[in-house]
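Comments concern the structure below.
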Amino acid sequence: MREHNIAILAGDGIGPEVMAEAEKVLAAAGQQFGFSFRAEHQLVGGAAIDAHGTPLPAQTLASCEAADAILFGSVGGPKWEHLPPNEQPERGSLLPLRKHFNLFCNLRPAKIHPGLEPLSYLRADIAAKGMDVLVVRELTGDIYFGQPRGREGEGEQEYGYDTMRYSRFEIRRIARMAFDAARQRRGRVLSVDKANVLTTSMLWREEVIAIAADYPDVTLEHIYIDNATMQLLRRASEFDVILCGNLFGDIISDEAAMITGSMGLLPSASLNESGFGMYEPAGGSAPDIAGQGIANPVAQILSASLMLRHSLGEGAAADAIDSAVSAALADGCLTGELLAPGSQQRPLSTREMGDAIVQRIKEAR
Ligand SMILES: NC(=O)C1=CN([C@@H]2O[C@H](COP(=O)(O)OP(=O)(O)OC[C@H]3O[C@@H](n4cnc5c(N)ncnc54)[C@H](O)[C@@H]3O)[C@@H](O)[C@H]2O)C=CC1
Ligand SMILES: CC(C)CC(=O)C(=O)O
Ligand SMILES: [Mg+2]
């Protein structure tokens, strides 16, 4: 039997709740498709601060380094917001993990599944046309990592600053990922920038155009970020691959999630050049619903599916998970945030949603 070695970092808030369901689904898929896992569970983020005084303990990093892939939940929450910025869960664990493993390529696939249009926050006639986008977000550069950054001055004169920065190399590298992905899809790349204002974006646009020359079969268009957020609402069905820097990709992927129906539906894969990856929901630790057993586990489960596909060579099992998720949703298995206001339907708990997906994986063979 094939054995995969994975590091599981559930993190904070809803992280552990949805991770438990992803692990159940992985075990069921392994049983069906003849593989098993050696999983190391490690603390990260606020949970690691509470236990070890640091958001990314050496032991957690060592487990990740030894693993074939990392399955990540989410980190952060009000409990740790008083800490100095670099010691908080997000800047002290998530961003360093992305940088440490050079996970420059973040893939966020967002789709309105046929039949699930009513879940979308789009107007019905627009949702009816569907949406199937892949946000390709650069993940290790931009204003999230650029130096210098800081705070200086005092009183009313105190100011904060960050540096938006991209090298030609970084832009070309992520642009190639987007064009390659478009070749496997509908052959269209929409590059998002703010080249009417930002110097970084001017370089971004120049380099994306240069890379496009190697992909004559792919159509390239450019759009400013402000217009992109509104066009996505107006004509979501026309978008294919959306290529973005780190900041704009962060923003537009949350919008794409809500077009499918919920933050809790959007998975992501963060990959480096050798195909090593960390897999995590696009959303965060959702402190507003944590601890209630009501979070939607689908984004975590679909992230596990992306892990099987991109890092572990288990494409058939990934297909089975994706189909089971679609089938469960189509059968009306819905967690609370997916129900329309005033709906009389009983929402499924996190665990019941996981069970519904496991059941459909087992029935599929
Ligand atoms: N990758 C990560 O670890 C991320 C961490 N964060 C952190 O998470 C914390 C909360 O951030 P927010 O801005 O509130 O964003 P969030 O994504 O955690 O939550 C935004 C909204 O979406 C809902 N939501 C998110 N996931 C859901 C799920 N699986 N099922 C149902 N509803 C879901 C939440 O209940 C909330 O109403 C912050 O500390 C933030 O820094 C935020 C984004 C990503
Ligand atoms: C800490 C943030 C950069 C995480 C986030 O919002 C994301 O990756 O989508
Ligand atoms: Mg985000």
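Each Cβ is built from the backbone N, Cα and C atoms, and glycine gets one as well.
TrEMBL annotations: computationally assigned, not manually curated.
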According to TrEMBL, Arg98, Arg108, Asp226 bind substrate; which one of Arg137, Arg149, Arg186, Arg188 is annotated to that same site? Arg137
Which of these recorded positions (Pro85, Pro89, Tyr144, Lys194, Asp250, Ile294) have a C-beta closer than 6 Å to some atom of ligand 3? Asp250
Top Cα neighbour of Asp226 (substrate binding site) in the set of recorded positions Pro89, Lys194, Ala286, Ala290: Lys194
Under 8 Å between C-beta atoms and at least six apart in sequence, can you list the same-chain neighbours of Pro89 (NAD(+) binding site), or say none if there are none? Gly11, Asp12, Val44, Gly45, Gly46, Ile49, Pro55, Val75, Gly76, Gly77, Trp80
Where the distance is taken from Cα to Cα, which of the binding-site residues Pro85, Asp250, Ala286 turns out closest to Arg137 (substrate binding site)? Asp250
